[in-house]
Amino acid sequence: MMGRGGGDSLAWLLSILICSSCCSCCCDGFGTFGFDIHHRFSDPVKGVLGVDELPKMGTFGYYSAMVHRDRTAVRGRGLAAAAAMDDRDDAVSFVEGNETFRINALGFLHYANVSLGTPSVWFLVALDTGSDLFWVPCDCSSCVKALRSTAGDILKFNIYSPNASSTSKRVPCESSLCEFQRGCSKVPDVCPYEVLYLSNDTSSSGVLVEDVLHLVREDDSLEAIDAPITFGCGKIQTGSFLDGAAPNGLFGLGIQKTSVPSILSSANITADSFSLCFGSDGTGRLNFGDKGSADQDETPLNINQLHPTYNISVTKIIVGKTVTDVEFSAIFDSGTSFTYLNDPAYGQLSDSFNSQVKDKQHAVDPMIPFKFCYDMSSNPIPNVTLTMKGGSQFLLIDPLILFSDEGGSYLELEANPKLLSLGAENFMTGYRVVFDREKMILGWKESNCYDFLDSSTLPLKPRTAVPPATAVSPGDYNPEATSVPRRQQSSASDSSQLSRMNLLMLCLFILAII
């Protein structure tokens, strides 16, 4: 239990996370599998958990925490040694439902509830298109087993155990999914794994196991499917996994063969495609087998064979009426909150935007993690659009962030790191994004994330509402880990890292004068 509501809060939490209703739809073939996504700081999640201490969506504390999370992000880049309905022909969802949550208190990642094993056990896993292996804490000596709120309430996580599931199997070293075979000499019939992430001292290691992932067809039949899935039995987690990010597992959605979409398509359970949809309210949808619609915009995926990720190419930046030719590649990454760009792309975009904003630049505020701020008036704000390879345009539907504080109102723009990424929070919001690995294309169409499963995709208008003038300082849920990180990241190291990157974000801050 994570909130202040005692037993009632826990019962409500379990009803949301474990008993979410499944979405159904009419479609051809096998149908689709999907589930909902939530951000941990979203109002629905805060309401469920009773998280009064967490930053309110739209406040300085909210975005400061998101930026800090991005800059020390848990980014896995691979194993270290180791439709309109006419085109959604075999979509499936998690048996608990296809809704996802963005939970900021747990690393500002998007989460979903999944069920594994026999009998089934639920796990609240973070969704990551930037890494491949799905793992959960498992008979672990170093992992988070519970979260304690500042109010003293505790939410206990499930820990997977192969011995407790009648359908669990070992994955031998000769398996095609065993990528850490140099470690197989110790125990020949068990395949070890180790995933190293870019965050300092952040990793997950253990052994590979096979068990059933409980899914349901996204059609009128709602047929239950127990899909055999190979995943990591995470015995030792380190670094950020002990600090709060993805404490109950990481759900890899990457391009390589160890990811869940790859395994599902290889077993002919779904088409080799899936979609993510992120709503402005922190909720969303994930649907396996979704190949998008005939009227979606598309661009080719540009896969780097050395480090395969969902790369796309941008050819133009359009700010207002100014068109700038520029070529760069970036990762479409659900594991980051904001969009990161390098120079010259960042410089060209920021210069163009700055030249068109008619409002006075706001003084630098140490409470706000951005570079360019403007006192806002009724003057119009220029739209920002990226032209992708192939000519399709991607309008940033929700690049302007509204939040309240004491004082006036202002807009802000910031910069980038060496690793370019188009983040889920401000870039993907308002779109159903299709990762079609069969055609090797990325598709997108405006969506409110609620109605596309049973009707035509509905557009989501850019945000215009002004949040109430309430600033809540970030509160923490403290992981109760079985061991502590080898070393904590210092503020000095954070600062040095920040000096090497700039975060691109267009944020409109409407501040109520109290």
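Yeah, the Cβs are placed from backbone N, Cα and C, and that goes for glycine too.
Please treat TrEMBL annotations as automatic predictions, because they have not gone through curation.
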Where TrEMBL places region 'Disordered' among the ranges 278-308, 464-494: 464-494
PLDDT averaged over every residue in the domain 'Peptidase A1' (110-445): 83
Integer Cα-Cα distance in angstrom, Asp333 (active site) to Asp128 (active site): 7
Other C-beta atoms that fall within 10 angstroms of the C-beta of Asp128 (active site): 26
